[in-house]
Amino acid sequence: MAGNSIGKLFRVTTFGESHGPKLGCIIDGTPPGLEISENDFQKELDRRRPGTSKYTTQRRELDKITILSGIFQGKTTGTSIGLTVKNTDQRSQDYNNIQKLFRPGHADFTYYKKYGIRDPRGGGRSSARETVMRVAAGAIAKKYLYTKYGILIRGYLKQIGNITCKLKSWNEVEKNPFFCPDVKQINNLNLLIKKLKKEGDSIGAKIKIIAEKVPIGLGEPVFDRLDADLAHSLMSINAVKGVEIGDGFAVVNQKGSEHRDEMNKHGFTNNHAGGILGGISNGENIIATIALKPTSSIKKIGKTIDLHGREQKISILGRHDPCVGLRAVPIAEAMMSITIMDHILRHRGQCSKTY
C-alpha cells in the first residue's frame, strides 16, 4: 500500500491500524536544535484523544507518546524522528458480526476490491485512529513554526448540522469538548449530540483553521501551489468531503468588485482569498474550512451486501463518534502545520529566505 507519506522537505510517514498493537510515524526534515519534549506531544495528543468526553467515542486510549529517535536531551538532532503510540483499548469482538459485511459509507468495500483482503476490526488502516500520529508529527511543525516565525495555527468548530458557531472568543475553544468558540451554542450542541446518540445516528460538521503571521512567499506555481497542497493535506483527513480556502464556494455569489482584495499603503483591505494569491502566501491570515461527513458507523439498521454480493442488514455495535468533527480540530491544525512547515523549508532552500 503506497500513499502513507506527505511532504517534500518536511516529510511525514505514518503506519499502523486501529486494532494493531501500535501506531507510529517517521518524520524527516526537522531542523536540528528545536527544543521539544514529551509534554509538547502529549498536549496535542490529549486534545484529540478518545474517551475524554461523553460526546465522543468511549474507546479509552492513553495515547502516551514514545520517542524512539531524533531527539536527544530535549532537542531535535536533525535526524529522522521516530514516534509510536500503543493501542490499549481495542475491542475487536465488537466487529465479529460484520466480518463478512461491507459497512456502507466506509472503505471496507473499496479496500477489499482493491487489495483482495481487509482488516474489519475498526476499519484497520482506514480508521481515524491513524490520525493520532498526524497530530504527533504536527506538534513538531506547530512548535517550530511558532518558535522560529511566530506563526500561530489554530482551529474551531464552525458548524454541526444546522447549529452555527461564530468565532467570539478563542479562549472558549479549549474550555469545552466541542472546540466551540461561541458559549451560547454549547447547550444546543449538547442536546443535539445526546439526541443523536439516543437515536443511534450521526451528523456532519465544519471546521475552520486559521494560520496567523504566515510570511509572504510560501508556495510554488503551478502544481505546488500552497492552496493546492493545503487542500491535499486537509482532504486526506478521514471523513473530509470538502475543503474551502478563504471564501471558498461563497465566491459563486460574489462579484469581482466585491471579491478582489483591494490594497492600500497599509496592505490588503479584505481577505476573501484566504491569504493565498496565485498559489503563494500574501502575508494575510491563511484561512481554510473543511466539511466532514457524518460517520457511517451507526447503530441504526441499514442495508448492505456481504462478501458474496448478497443483500444483508447491518447495525454497527462498536464505539464511535456521533460527530467526527468533535475531535477533528487538532487533526486539521496538524495537517495545516505540516504543510506550512514543508513549504517554509522549501522556500528557505529555494530563495534563501529565513525572515
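Cβ atoms here come from the backbone N, Cα and C positions, even for glycine.
As recorded in Swiss-Prot, the features of this protein are as follows:
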BINDING   Arg48  NADP(+) binding site
BINDING   Arg125, Ser126, Ser127, Asn238, Ala239, Gly278, Lys293, Pro294, Thr295, Ser296, Ser297, Arg319  FMN binding site
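Neighbour density for Arg125 (FMN binding site): within 10 A of its CB lie 18 other CB atoms from the protein chains shown. Around the Cβ of Thr295 (FMN binding site), the number of neighbouring Cβ atoms within 10 Å comes to 23. Taking the C-alpha positions, the distance from Ala239 (FMN binding site) to Arg48 (NADP(+) binding site) comes to 15 Å.
In this structure the C-alpha atoms belonging to Thr295 (FMN binding site) and Arg48 (NADP(+) binding site) are separated by 17 Å.
The local packing around Lys293 (FMN binding site), expressed as other Cβ atoms within 10 Å of its Cβ over all shown chains, amounts to 17. DSSP assigns Lys293 (FMN binding site) to coil in the three-state reduction, outside any helix or strand. When the binding-site residues Arg125, Ser127, Lys293, Ser297 are ranked by how far their Cα is from the Cα of Arg48 (NADP(+) binding site), Ser127 comes first. Around the Cβ of Arg48 (NADP(+) binding site), 23 further Cβ atoms fall within 10 Å across all displayed protein chains.
DSSP classifies Ser127 (FMN binding site) as coil under the three-state reduction.
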